[in-house]
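**Student:** Here TrEMBL flags 21-44, 94-115, 127-160, 166-189, 196-217, 275-298, 356-376, 382-404 as transmembrane segment.
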Amino acid sequence: MTDDGVESVRTPLERDFSQRPLTLVIGFLVLHGVFLLALIPSFLGGAAIGDLSLYRAWVESSMDTGIWRGIQAPWVYPLGAIAPMGLADSLGPLLFPLLWFLLTVVLNALSIAVLTDFGRKASGFTAAWWWLLVIFILSPVGLFRLEGIVAPLVIIALVLLARRPILAGVLLAVATWIKVWPVAVILAVIAAGRHWLAVTVGAAIVSLGIVGLGLGLGGSLMTLTSFVSDQSDRGLQLEAPISTPWVWMAALGRPGSIIFQNTSLATREVDGQGAAAAAALMTPLMLIAVTLIFALIVSARRREPDSADLLMHGALALTCALVVFNKVGSPQYMLWIAPVVVVGLFHDAQRWRTPSYLVLAIAVMTTLIFPVFYMPLAAGNIGAVLLLTVRNALLVVLFGWAVWRLWRLAAPAVTAASDLDTAGGGRGGQGSARRLLGYPALVSAGPSSIAGWSPLSIADTGQKTLPR
């Protein structure tokens, strides 16, 4: 698609490669086959890499003692996180890593199938290939943490939102009860979409069912909601955007500024003058940012009702706020942002080029930070600190871009109309943001494709970091 809204001419080879279902299936199988080959040694030995060792230990401990985290005891995760962990442990602890991997593969496959409508929707192929690339880049965290389960659920829910809003609400609620961050997407739907009531009903049904199950199994409201406050006393984690000044002070040897191992939480944190105050401020600042963004979405909706563009930019802004204003900042948090960008590309590949490039750069730097250069970073290596600084700066840029897009949508009609014309190729351009959520989106599916997957070394640094 050119800037003037005219379909660009592509060769048959380009068109076939980017839009042939068989090519996409081969790409999917090659990628996950590479993962399988890399992980076979650990599967044969029953070894759990990364956070999977913690997940397995939690389930085994609960089965031995009869005391389940999140029900009878406080937990860092919502109650729903027990489901994928229990499923992976259903055939015993030795097969836990293999079953977790297979569960991830199945969910990734479903997300690709829904994006492309099982190969029938040409406009979904660009988003599908981009998602496969992100899965590859972020595989050191995506394969071994809950985000690898939650991210495809969010993609499926957002794609199905227009046609199956209640089902979308159910999926978003399930994802939120596994890992809290999809609540940002639910808030965006409530603020922006005409399907907010159906989504709320679906989410409420799931939530009531999970809470009722927890109470019926002997839990209390205090333990069921313990994930909200369980990590409230944490300090500034090494990789968080807000931690960057203290990381530099520690790296440059400023007295009183240090990078240290928090043994009780099994993670690296920073400390120094003002660090404790900054950590205490981050949660209130996050709540303020989320509130202001929610209000901005509502304001934009008055002029741009039922717009998929509004919904997706709102979801991106809210999700980025949870990352930028977070005092934790774990590497898997990039998988909070990626699903929103995937569905943004699904709706309008042209308009979402900028965030897609930003997220790819952020993902590459995140994997370089962890696991590749994590130990040099913890030691205060200047090169590693500079890499972290650039990554965190790009996160802030992405957040600013999303808020700016929302601001343009909420701006007076003359400004917004001008923006639509320039970004979407005129009133009739395929890039128009006025896509009603009840109708299919027309997307320019350019010759964006990924070939030649290369193996990724799945590194285990030995750091038993507490899953965040």
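Glycine is no exception: its Cβ is also placed from the backbone N, Cα and C atoms.
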**Student:** Which bits of the chain, at least 6 residues beyond where the transmembrane segment (196-217) starts or stops, bring a Cβ under 8 A of a Cβ in it?
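**Tutor:** That would be 68, 70-72, 79-80, 161, 165-170, 172-174, 176-177, 186, 189-190, 223-224.
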**Student:** Hey, which bits of the same chain come close to the transmembrane segment (275-298), Cβ under 8 Å, at least six residues off its ends?
**Tutor:** 184, 187-188, 191-192, 232, 234-236, 242-243, 246, 310, 314, 317-318, 321-322, 324-327, 403, 406-407, 410
**Student:** Other than its close neighbours in sequence, what residues sit by the transmembrane segment (94-115), given a CB gap under 8 Å and a spacing of at least six beyond its ends?
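**Tutor:** For the transmembrane segment (94-115), the far contacts come to 24, 28, 32, 35-36, 39, 42-43, 46-49, 52, 55-56, 59, 84, 87-88, 121, 124, 127-128, 131-132, 135, 142-144, 148-149, 151-153, 155-156, 159-160, 342, 346.
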